[in-house]
């Protein structure tokens, strides 16, 4: 899969609405994409898509590589009598980007989406104090152009329906692309890229490529996949750190978009969950060895304040060795995120090389 093909795939994925808990369209799409490379593809009870690539040695460690199909968004909380719609937040939404933003509201039957927008007081009537205030989600409302609650319900919208940022995708200068939910449609596209590369290579380890659900909601979808596949090693593709070169983050870290895949060595979410990951040292070394063989630069990331489902995957069974690899992102959780396609191509190549060089002598124990 070349860069152009990977870009086209990412575009399709970014344009597919897939709120956490409502991932069926993405799941069915990626299931079909996996089937081009293996006959063993299934969707489990909660919606994880699992593609299996049998290894040549049953004694080699089993590896689960995963990325999440879901995105953050909202759930309809109330339909006002005059047709305006109130929502609850689903996931880590930054409130300051919402006023005047276009959204899609899924109908209760799951058959269609209705376009709307978050209302924003007209500038001419906005007081000086209001201009610099960030409205909270309970204060905001969505306008779909309806005049009454009855009109809203006639369209199939009810309390509990999903709401997402209206999808968008564009290619910018060089290898840069922007799109909706690049976190983590980029990882999903990398899964299919790895599938295309694995098909023609021998590997001792049995590999499970898994497109997971619920990461932006309860961060546990990958756990269920782990209980199905029973891996010894897990590789999460969910961003390779946040680019530290923009004016607002300059000096924050050493991550530079376009400078190669990122390997996250530490995450810790201190706000309530008290969980995170410390990368398995043997997997770090294995990653670096594979990168050196391919002539790739590896960037190292530390992510205090963030967490993904690897924090819970590592606690399954008797312990699962975990590492997180991906292309660096900008502007995460906003309606338009950015990544670099050159980095993305290298992520898939790197992970494939790692998968093809595990053998029975690789001990994933931490010490």
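Using N, Cα and C of the backbone, Cβ positions are placed for all residues, glycine too.
What TrEMBL lists as Zn(2+) 1 binding site is 68, 183, 238. Counting only residues at least six positions away in the same chain, the Cβ atoms of 71, 238, 239, 329, 332, 333, 337 sit under 8 Å from the Cβ of residue 183 (Zn(2+) 1 binding site).
The Zn(2+) 2 binding site annotation in TrEMBL covers 183, 216, 333. The Cβ of residue 216 (Zn(2+) 2 binding site) lies under 8 Å from the Cβ of 20, 68, 70, 71, 72, 90, 91, 92, each of these being in the same chain and 6 or more residues away along the sequence. In the three-state DSSP scheme, residue 216 (Zn(2+) 2 binding site) is classed as coil.
The annotation active site, proton acceptor is assigned in TrEMBL to 215.
Between the binding-site residues 68, 333, 68 has the most other Cβ atoms inside 10 Å of its own Cβ, all protein chains included. Sequence-distant contacts of residue 215 (active site, proton acceptor), defined by Cβ-Cβ distance under 8 angstroms and a gap of at least six in the same chain, are 20, 68, 70, 184, 221, 222, 238, 308, 309.
Cβ-based neighbour count (10 Å, all protein chains) for residue 238 (Zn(2+) 1 binding site) stands at 25. What surrounds the Zn(2+) 1 site, by Cβ distance within 8 Å of the Cβ centroid and not counting 68, 183, 238, is the set 67, 184, 186, 187, 215, 216, 237, 239, 308, 326 from the same chain.
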